[in-house]
Amino acid sequence: MSQPPETLEQLQYIRYTTRPQPCSATLGWIKSNRLLVCTILGVIMGFVTGCSGRIFSPTKTFIELVIFPGEMLMRMLKMLILPLIISSLVTGMSQLDAKSSGRMGSRALVYYIVTTVLAAIVGIVVVVSIHPGNTSIKQTRLSETSAIPVSTVDALLDIVRNTFPENLVQACFQQVATVYKEKPMQPLHLTGNISANFTDDVVPVVEYEKKFVMKEGTNVMGIIVFCLGFGLLLGELGQEGKVMTDFFSILNDVVMRMVELIMWYSPIGIMSLIAGRIMQIGDLSTTMSQLGMYMITVIVGLAFHALITLPTIYFTVTRKNPWTFFKGMLQAWITALGTASSSATLPITFRCLEENNHIDKRVTRFVIPVGATVNMDGTALYEAVAAIFIAQMNGVQLDLGDIITVSLTATLASIGAASIPSAALITMLLVLSALNLPTEDVPLLFTVDWLLDRLRTSINVLGDAYGAGIVYHLSKDELDRMDSERRLSTISYRSPDPAIPLDTILSQRRRSSIHKLETRSVILPPIVIPDRTRNGNLSGSETQI
């Protein structure tokens, strides 16, 4: 048996030699963040595998097999979107009163409008400063399509129509849209000297007829509005609606447990999605020569909004470190980068906010589903950059009024953008039509949208998360007050006369599950009463009233 050290030098030697190694702290962090580390490795391996696979010129069948694991991930996540939105909104709203939910909603709405407008302004400043558009790009345009009439008014009216669906079951898989179809008309015959200018005396006349159709896709906006009203009224029922409230609360817990299981498969799915999309790129050198500066412009704008605008707003309101908050959202940010869908990332966003950043569930269940539908910072920035890029490519000079139109239209169009991959390319037609720019140039951007869509989706998710943190900070006192009032209500009784004996009140309490007497309130202290068995003997357990 070794002798204990007797000198001070020996004690200091032991103290310094037994200091924990730095690698042990790193291993401890990796062990506690295994899922995050695996997801980051999945993203890196996806880029490496995709770039390596392009060397062998893979066939379409091989690429489909590579993407298949990622397709399964998207299907599993989308499978949970509808039950998660319904259960989270109903549960969250049932725990709030009308006044609290109204204040919380107004704060979230102000945040959405401010950040979306700022994102569009950042995009305009960046694209005007860098000026990536060049008229020579159109000479080698990759594809062309015929122009289709697009009306900004019709698009805005479609948003309102989808807000109040006429059939909730149909809203789970379809939404209304205004489309223009060619209307068959009789050809116009020209006579006289006018026809001498044409090779044929028949001039085709094309007119478009406006129709309302149901297109594929979940009407998230309509479902959210219904769940908000349903949950708010359910909370006002009190004890009468407790069974329904417990049902949606348990449903939400079950869905979140399913999300935890799916998340361990996400690194494989994200790796396959990124690798497959890189393999699907045609001529990479031609694409980069034509749209390289456009991609850099969008990336610079998104980086500025994510690293400067959003953290500044968060710090100004909460006086907390935004980078600590972002660290807790890293898992959701990477998942959005891989899936390119804010709706598919919704379950992971809930998990990161509630477990890592400790945001109240009543806030996340209200703010995040709404934000994933209407708060599209990255989309607004992208559409502003794309519209001005197309104007520069066509040699169109935009004045101050046109730039203001771009910012406003991009903001409104981003609200109508579905939270699905590449939805911004469809809503961008609204911005182009507002400026009378050619919509047939939009397909040119499809060649690089696979990357930019992932980047702007990750910014959308990050903006929703910062919004939840800000709303929680501003609503924390109200939520704490609601909790304290709820705790006090559990020990309050109503008595017709304070002189009534305590035994009488307790016996009435036992005979009726809900004791209602319309008189003034008397708050009684907790009383410990021993339970008795049927034969009158003490059971040994006590009940606290």
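A Cβ is built for glycine as well, from the same backbone N, Cα and C atoms used for every other residue.
Curation plays no part in TrEMBL annotations; they are all automatic predictions.
Database features, via TrEMBL:
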- 34-56: transmembrane segment (TRANSMEM)
- 77-96: transmembrane segment (TRANSMEM)
- 108-131: transmembrane segment (TRANSMEM)
- 220-238: transmembrane segment (TRANSMEM)
- 258-279: transmembrane segment (TRANSMEM)
- 291-313: transmembrane segment (TRANSMEM)
- 333-354: transmembrane segment (TRANSMEM)
- 366-391: transmembrane segment (TRANSMEM)
- 403-432: transmembrane segment (TRANSMEM)
>> Can you tell me which parts of the same chain pack against the transmembrane segment (108-131), counting only residues 6+ beyond its ends and a CB-CB cutoff under 8 A?
In response: 293, 296-298, 300-301, 304-305, 309-310, 313, 366-367, 370-371, 374-378, 380-385, 388-389, 392, 403, 406-407, 410-411, 414-415, 459, 463, 467, 470-471
>> With a cut-off of 8 Å between Cβ atoms, can you find at least three pairs linking the transmembrane segment (77-96) to the transmembrane segment (220-238)? Only pairs 6 or more residues apart in sequence count.
In response: yes
>> Take the C-beta pairs under 8 A between the transmembrane segment (258-279) and each of 34-56, 291-313, 333-354. Which stretch has the highest count?
In response: 34-56
> Among 34-56, 333-354, 366-391, which stretch has the most Cβ pairs under 8 Å to the transmembrane segment (291-313)?
Replying inline: 366-391
>> What residues elsewhere in the chain lie close to the transmembrane segment (366-391), defined as a C-beta under 8 angstroms and at least 6 residues from its ends?
In response: 85, 88-89, 92-93, 96, 101, 104-105, 108, 111-112, 115-120, 122-124, 126-128, 132-133, 220-221, 224, 228, 294, 297-298, 301-302, 305, 310, 342-343, 346, 349-350, 353, 397-398, 403, 406-407, 409-411, 413-415, 417, 419, 423-424, 427-428, 431-432, 435, 437-438, 441-442, 445, 452, 455-461, 463-465, 467-468, 471
>> Which residues of the chain, 6 or more past the ends of the transmembrane segment (220-238), have a CB below 8 A from one of its CBs?
In response: 82, 85-86, 89-98, 101, 159, 162-165, 168, 171-172, 175, 244-245, 248, 343, 366, 369-370, 372-374, 418-419
